[in-house]
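Asks: Quick one: structure below, then a few questions.
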């Protein structure tokens, strides 16, 4: 049966937290650090106004959620000495937030603010690329992937990055998402050296992301400083990138126009993740295992991203029991 992504009623929330939710489904990386994290709750659908909560053990967290049956539950990516005051910051997870409704190059026909199976699959593709860069280029290993209900969170707990400043996190985002046009003339002494020629490091990553973005452009896509004719030419010749024929693609577009396109692509790439989330050391994120009440989906720790399907693995039982 198809799954309709509509809000959960108060009764459905009650059923979910009474019959289905289990505190043991909260990931270990959160349960093992409960006393260092701030928790926040949205009880009425107006945002997480109930903040500064701390739980000393699983039992107290379980009791609170079972009784309150919140519209949404969150916990901090930060670790504190005094989480109930958000004081004594120790470190923060490095996080990437990919929301399917905010992908700038969506290939679906969803209305603004809505999501569907197609754009959720696209969000999953993006998360896989982010994970590969984090593990391949940065050598990070403690990478946790979470389905948030309308997208994905990538939560990194390697100690090497958890004490990074907001500024450094911004630089990491630029690298990971290929959102800065490489300036190769200064580094290598050539004025016309193109990133697609260099098969390693950031130039390789930038080329990979640029290819992904260009192949997902549509006629309706809006690119800064790219007019309709140039966009049509990009769409006409982008099949060359399937075979990584960047030189021919650049030649067909023209060097000056090509540079305009690549500058625009880098700015689009910056919008693939929510940068504000990544650089905010005190951000709270949806608590995995809890309900995303706006779409009636479970936020879920993903064990195998390649086989994960939110419409099989993150749908609460009450959704299948609906009569309307």
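Cβ coordinates come from backbone N, Cα and C, glycine included.
According to Swiss-Prot, the protein carries these features:
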ACT_SITE  97  active site
ACT_SITE  99  active site
ACT_SITE  274  active site
Asks: To which of the active-site residues 97, 99 does the lowest count of other Cβ atoms within 10 Å belong?
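Replies: So among 97, 99, the active-site residues given, the one with the fewest Cβ atoms within 10 Å is 99.
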Asks: Reported as an integer number of Å, what is the Cα distance between residue 97 (active site) and residue 274 (active site)?
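Replies: Given the Cα positions, residue 97 (active site) is 5 Å from residue 274 (active site).
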Asks: Taking only the Cα atoms, work out how far residue 99 (active site) lies from residue 274 (active site), in Å, as a whole number.
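Replies: About 8 Å separate the Cα atoms of these two residues.
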Asks: If you count Cβ atoms within 10 Å of the Cβ of residue 274 (active site), leaving out that atom itself, what do you get?
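Replies: Other Cβ atoms found within 10 Å: 19.
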Asks: Translate the DSSP assignment of residue 274 (active site) into the three-state scheme.
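Replies: Where residue 274 (active site) sits, the three-state DSSP reduction gives coil.
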